[in-house]
Amino acid sequence: MSLLNDIDQLSQVRTDWTRETAGEIYRAPFNDLIFAAQSVHRQCHPANQVQTSQLLSIKTGGCAEDCGYCNQSAHFDTGLKASKLMPLDDVLDAAKKAKDGGATRFCMGAAWRELKTRDEDVICDMISGVKSMGMETCVTLGMLTDSQANKLREAGLDYYNHNLDTAPEDYGRVISTRTYQDRIDTLSRVRGAGIHVCTGGIVGMGEDEAARIGLLTELASMDPHPESVPINHLVAVPNTPLGDSKPLDGIEFVRTIATARILMPRSMVRLSAGREGMSRELQALCFLAGANSIFVGEELLTTPNPEQNEDFDLFKSLGIEPMRLGETGTVPAE
């Protein structure tokens, strides 16, 4: 495929990707795709460096949304016990442990539809406290108003996560209580407040190839591109609508990572949920395809994650260095 042969061109950020072109990239011969993705990665990022972030559920369960993949939804009987918002000191203690363990970004997630006024101040205190430790800060709190986004930025928020989940045409199969446009509007408010955008999606939900390509095209059409792009593999939870979904073929997952790297060359592409079910070899292929960020810690919100020593053992065997505090993970554009 001629497009994959021009690495210098592929390494330039563009936001005019079409589904047709993205599909040609996704379906390219596997060796050509991986070679191109790794070449783009080396042009735009340190070749053997991966960012390590840690994610903490600061408010678990009882969510009013009906996301078909989520065990925190109040719509499904998954046996998860809902909890109130964690105390500030407990969150900061967890952040300190994350930093001591090598994490350079600390992410805080709350299971609710939107940030409520009564919780704004304590959330801002959490952000300020983590920021004072020298780590990057990230939260995922559902929908926001413009004033809330500005308040979070003033507290020191670096990144806001709000995933698109899937392609627009596949979205109604996954969730009915929030529209696709709601998600786009929230991301626009985040960007307008000067906060970096973290948005991606979930694969392995029974979607077809076209939906995966559609999701990636939506993300790569954002101007500017999201700074962080988490690619999650569904962790199927019993008693949720998507609990019987079959895992996505590993090669298809790697194709998704590689295509994300090519379409969004300067974004951090994160291996997120689902790594616990992946072999070391599959994860290594994902790093080869351009993934350069992971979550460390035993849990991602409420789903299992590889133990941190397993991750660093894998890094050692692959010659990968964890990103240090203050490093950006990108090579300056020429």
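Every residue gets a Cβ built from N, Cα and C, even glycine.
Among the candidates CYS67, CYS70, CYS107, the one that Swiss-Prot lists alongside CYS138, CYS198, ARG270 as binding [2Fe-2S] cluster is CYS107.
Cα of CYS63 ([4Fe-4S] cluster binding site) to Cα of CYS107 ([2Fe-2S] cluster binding site): a distance of 19 Å. Note on the domain 'Radical SAM core' (48-275): its mean pLDDT in the predicted model is 93. CYS70 ([4Fe-4S] cluster binding site) falls within neither a helix nor a strand when secondary structure is assigned with DSSP, and so counts as coil. What surrounds the [4Fe-4S] cluster site, by Cβ distance within 8 Å of the Cβ centroid and not counting CYS63, CYS67, CYS70, is the set GLU65, ASP66, TYR69, ASN71, GLN72, SER73, HIS75, ALA111, ILE175 from the same chain. Those same-chain residues not listed among CYS107, CYS138, CYS198, ARG270 yet with C-beta within 8 angstroms of the centroid of the [2Fe-2S] cluster site C-beta atoms are SER53, LEU55, ARG105, THR140, TYR159, ASN161, SER228, PRO230.
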